[in-house]
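J.: The structure is given below, and queries will be raised subsequently.
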Amino acid sequence: MSHVTGVTSNIRIKKTIDDIWPLTAKRVLVRVDFNVPIQNGHITNDYRIRATIPTIQRIIDQGGICILLSHLGRPAGISMTTAVRDVRRRYHEAHFHDNKGKTAFFSVLPPEEKIKILAQSSLREEATHIMPGVKSGKTILFARLPEDEKKQLLMQYLDEKKDNGLPQLSVSAGYEEQYSLRPVAVRLAELLGQHVYFAHDCMDAKMELSRLKRGNVMLLENVRFYREEDSKKEEEREAMAKVLASYGDIFVSDAFGTAHRDSATMTGIPKVLGHGAAGYLMEKEISYFSKVLGNPPRPLVAIVGGSKVSDKIQLLDNMLQRIDYLLIGGAMAYTFLKAQGHRIGTSMCEEDRLDLARSLLKKAEDRKVQVLLPVDHVCHTEFKAVDTPVVTADADIPDGHMALDIGPKTIANYVETIGKCKSAIWNGPMGVFEMTPYSKGTFAVAKAMGDCTQKNGLMSIIGGGDSASAAEQSGEATRMSHVSTGGGASLELLEGKTLPGVAILDDKE
């Protein structure tokens, strides 16, 4: 077993939301990571939303006004200047064109504004039967009105709004429905047990924000609808950050999943405001990674899987300075096995990384890190699920076969090693766990970590991404010490890198 000395974590402990007082009547901007999977308007995994509830609840309980910012997916986005021109064009059409533009303009108003307009129309009785939500027929009803009445209603509406700023449009040139955070607002309201206000345009929300009272929560629409969020030009990120920073008094980051990004909302807002604190989720992430990379209970095992050695070079190089055991699985294991002279059939292998694999194994030997590689495999001739895959007798894989999971002997070795340890960090699956015949290795590792956490007090950390998904699917996630919400962010921390979204927050004195 290795004897690691003199290695410290480069993660500094940060001020948290508990260090900010009072929150009463303060507008608290909270950058969260609500990048959740959505299919047909339904959220299929709400873990990231649930993980932020303690921070949001703290602000509500203290009488603060909680304003949430997040991204979702990778929409094409538009620039801020394009958005301004688009809004002006829509208002121009609504005002000055007799026979076009009015229904299009009405269609992009928020649902509650549409209801108000229809309530004053000649079709008000029919309007009373329309549900207040989206896609309930409001625009279709408005389209039936005579053109003169449409114009009169919209002119009256715009005149009422002129003192408070023009109404917010629910759809702009950058809007893509599949990336809208509206379903997240609905789910968040269910979890909180209170209404969550929704601003349809994150860059044009001042009027909506002015109506919020103590204890209210508002979610702004996807910040990536604007290209400035992730612009490579600092001045563009800063321009967006200045607008968003004007919405709040205090900045809190609970978005560990995007802490590796130097974006307008992650680093730009705290730069503009001159401060930033960690939410409870961010605090927990920092705390666990600081422990495992600094002075963890020993022995410490790293379980590393995934497709490519090249994706994990920096992680392996950094962790070999810190760990006692290294368990390797997934497709990357076959590059190591071939480097040792084993036959690997048609299994995935990075031929140009064989020397690198040998050097990493030599480095582990020099540092007295015990490396365990698969000693048997679950194989098939094709990349598909079958009822009776081939299980090899040893580490060699037959010609014409590809390994798709670790075998039962390897599982036993890995489970035994995890049982010897006091700390464990896992990044990357052991096989193609999405296919049931090849999920046993990954799920067995998850169960071993869960069992040892509950029975032996193992400090177990899942490094986000596919490992977190596997822990969830296996039912073991709640038995771990910590399941990270950040795949890319946790990987960069394990590589020894500094995360911009963490570094920008105020250090705890």
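Placement of Cβ uses the backbone N, Cα and C atoms for every residue, glycine included.
Given the structure is predicted, the values throughout are model-derived calculations rather than measurements.
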J.: Look at the (2R)-3-phosphoglycerate binding annotation in Swiss-Prot, where VAL32, ASP33, PHE34, ASN35, SER70, HIS71, GLY73, ARG74, ARG224, HIS260, ARG261, LYS308 are given, and name the residue from ARG48, ARG50, ARG211, ARG322 listed for that site too.
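T.: Same (2R)-3-phosphoglycerate site in Swiss-Prot: ARG48.
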J.: Among ALA364, ALA403, ALA489, find me the residue Swiss-Prot lists at the same ATP site as LYS312, ALA331, GLU434, ASP466, SER467.
T.: ALA403
J.: Can you give me the Cα-Cα distance between ARG48 ((2R)-3-phosphoglycerate binding site) and GLY306 (CDP binding site) in Å, rounded to a whole number?
T.: 23
J.: Quick check for the class: what is the C-alpha distance, in angstrom and rounded, between ASP311 (CDP binding site) and ALA403 (AMP binding site)?
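T.: Distance between the two Cα atoms comes out at 19 Å.
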J.: Please tell me which one of the binding-site residues listed here (HIS71, LYS308, ALA403) sits closest to SER467 (ADP binding site), measuring Cα to Cα?
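T.: Looking at Cα distances from SER467 (ADP binding site), the smallest one goes to LYS308.
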J.: Which whole-number value in Å describes the distance between the Cα atoms of LYS308 ((2R)-3-phosphoglycerate binding site) and ALA331 (AMP binding site)?
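T.: Taking the Cα atoms only, LYS308 ((2R)-3-phosphoglycerate binding site) lies 7 Å from ALA331 (AMP binding site).
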J.: Between C-alpha atoms, which of these binding-site residues comes nearest to PHE433 (CDP binding site): HIS71, LYS312, ALA331, ALA403, ASP466?
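T.: Going through HIS71, LYS312, ALA331, ALA403, ASP466 one by one, the Cα closest to that of PHE433 (CDP binding site) is ASP466.
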J.: Looking only at C-alpha atoms, tell me how far ASP466 (Mg(2+) binding site) is from GLY428 (CDP binding site), rounded to the nearest Å.
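T.: Between the Cα atoms of ASP466 (Mg(2+) binding site) and GLY428 (CDP binding site), the distance comes to 6 Å.
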